[in-house]
Amino acid sequence: MDFRHFFDSKKISFIAIFAVLTTFSVAKATTYAAPDTAAATGYEAHADEEFEPTKVIMEHISDAHDWHLWGHTSIPLPVILYTDKGFEFFLSSAFHHGEHDHPGKHYTYRLVDKKKIKVVNAAGAVDEEASKNVWDFSITKNVASMFLSVIVLLLIFTSVARAYKRREGKAPKGLQSFLEPIILFVRDDIARPNIGHGYARFMPLLLTIFFFIWVNNLLGLIPIFPGAANVTGNIAVTFVLALIVLIVVNVNGNKYYWKHILMPDVPWWLYPIMIPVELVGVISKPFALMIRLFANITAGHIIILSLISLIFVFKSLAIAPVSLAFVLFMNVLELLVAALQAFIFTLLTALFIGMAVEEHH
Amino acid sequence: MVGSIAAIGAGLAVIGAGLGIGQVGGKAMEGIARQPEAASKIQTAMIIAAALIEGAALFAIVVSLMGL
């Protein structure tokens, strides 16, 4: 079935944006109803606590069940659990930032360490045995942020694709002239030199990888609401990206590729060493892709957050301008890294595909 | 204590990566100075080599992050 007509009308895109914004604002309104007294006492409790940079930083770069806005206000996100007794749906505001347990349909749940949802038994203790049967499919902060980036990408690329259809043969205009050089760069500098003949088949994959990583990196750099999720710095996300590369490379590998792995041009008695090494090479290439993207983006976030933490570690206002200047510098550097990592991931993907589809030997 | 040693490990990894990427960058500069017309090819090869070195360093960083 052809779904293209869904994206054809400009009206639909505006409705989509409007719907997303309304959903978020409605959800926001619900948090305001949270008791103010708790917030007031919460601040006092924070003042007594020793500031622990490691804890704060790890909290900021990890996934969460709510999207933090400011102070004690955050957008609750839906929690979807699959238990041995069936599905369970509720909003994460039911936990009150982990202060309350939520009595669900099948079990009572508790939010442990702001991340893991565990089952609580009648005595009020965490039941580890029962928690093993609970599968968490929640829309977490990272998932919500990925939805947002997908909406952004769809809006940009459907409008640009429409412009190409409407203005065929004419000079590009507006968003078109911003994206055309980037797309041509991916084609002429990444795909064609590394894959060679038959590169066109892989262009959709390479462009999707490039723009998905780039947009998510940039969204992660925005310190306030629509960004601030560490999507490409989450190892699960980069794992799936690397898994896609692994599958594409090996499915498209021709007989020369497999001969190089299973029957390399070495004396036969070296086979017991060479074949395991080559097989490890098949896995280790995407594995390095996964670690590279994850570590780069996470390291960038950690550096920025550490520089901010300096202010609170020294408890001094004088350090703030220095720290802020460094944060600004790092943030600008991260803008470069965001594009560079998207480029490297795409380039290495193209390189691996090129090695797998190479004809002559 | 474990955290401090992890920090030393991260620092050591950065020394290695710095030496490696410095070598790659320096040699690429020399290459471009000798043959400016091959600049774009040298640049691409340089970025790939730098990314591979960086990958090795990042493995070490991730291991020391686990110790933090």
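Placement of Cβ uses the backbone N, Cα and C atoms for every residue, glycine included.
Remember, TrEMBL labels are computer predictions, not curated facts.
Here is what TrEMBL records for this protein:
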TRANSMEM  B:6-24  transmembrane segment
DOMAIN    B:6-66  domain 'V-ATPase proteolipid subunit C-like'
TRANSMEM  B:45-66  transmembrane segment
SITE      B:Glu54  site 'Reversibly protonated during proton transport'
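Only residues 6 or more beyond the boundaries of the transmembrane segment (B:45-66), in the same chain, are considered here, and those with a CB under 8 A from a CB of the stretch are 6-7, 9-10, 12-14, 16-17, 20-21, 24-25, 28. Look at the domain 'V-ATPase proteolipid subunit C-like' (B:6-66): DSSP puts its residues at 60 helix, 0 strand, 1 coil.
Applying an 8 A CB threshold to same-chain residues 6+ apart, the list for B:Glu54 (site 'Reversibly protonated during proton transport') reads B:Ala17, B:Ile21. In the predicted model, residues of the domain 'V-ATPase proteolipid subunit C-like' (B:6-66) average a pLDDT of 88.
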